[in-house]
Amino acid sequence: MTAQLIDGNALAKTIRAEVAGRTAALKAKGVEPALSIILVGSDPASQVYTKHKVNDSTETGLAATLETYPADMSEAALLDRIRALNDDPKVHGILVQLPLPRHMDSQKVIETISPAKDVDGFHVASAGALMTGAPGFWPCTPYGCMKMLESIGYDLRGKHAVVIGRSNIVGKPMAMMLLARSATVTICHSATQDLAAFTRQADVIVAAVGKRNILTAGMVKPGAVVIDVGMNRKEDGKLAGDVDFDGVKEVAGWITPVPGGVGPMTRAMLLVNTLEAAERAAK
């Protein structure tokens, strides 16, 4: 068996086209969806990520601005800037690129963003909404994973899903989203004993720990769906996920590649969240 590929690039392209159409409709009503991105410091990876986010936005008709500040910017100044954006009716989404400089409290910064503009889905109010099923913004990476499962017509009801990783950004919200679709969910992490004992029982596996080859072919049930959230650098500098792709693809039924899998979907769902923030504000 060779697994079928879930092409994140192709799916993200479809979603961007949908966003462009809805954005045009909103503009026709006099509302221009707008995203403000804040970058503090000069981390090379963050510079690349924010550039992609601006380009994605403008390509779909969303207005996007990137504000860059030096790494020695005070936390108080950053919070003041966020509050000003909260009060600006022309701004619908606010994204502070992580990681922040060490002298800043990331959670405090995130909590300063208005929940109505928290398009990253990291605010505690967004987490609470996800937990209870109330309206809110889902974190972009697990949201993208769910869209990938939807794209292959996968029915999660009654299926056993194993999430490897327990971060607030991916692991925990991923588990909640799967649970909301009536999957039976197991969360594994660094203290889990005998990881393979859990993954071999799984119909769906989401690997999200940032560790190469944490999931190998012998740990996967034949026909399982494998979603690889990992983003790691190999010795030659090329990107690799958390999954041993070459081995696992011979066992799994469906698998996402790295690159070209979850990454493009994360960016696409940011556009969806920003558009929905604008649509809600326009009501």
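The backbone N, Cα and C atoms fix where each Cβ goes, and this holds for glycine too.
Long-range Cβ contacts of GLY165 (NADP(+) binding site) within its own chain (separation 6+, distance under 8 Å): GLY171, MET174, ILE187, CYS188, HIS189, VAL206, ALA207, ALA208, VAL209, VAL229. In the three-state DSSP classification, GLY165 (NADP(+) binding site) falls within coil. For GLY165, ARG166, SER167, SER190, the entry in Swiss-Prot reads NADP(+) binding site, with the evidence type sequence analysis.
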List the residues in the vicinity of the NADP(+) site, defined as same-chain residues other than GLY165, ARG166, SER167, SER190 with C-beta within 8 angstroms of the site's C-beta centre. ILE164, VAL170, GLY171, ILE187, HIS189, ALA208, VAL209
Out of SER167, SER190, give me whichever of these binding-site residues has the highest number of other Cβ atoms within 10 Å. SER167
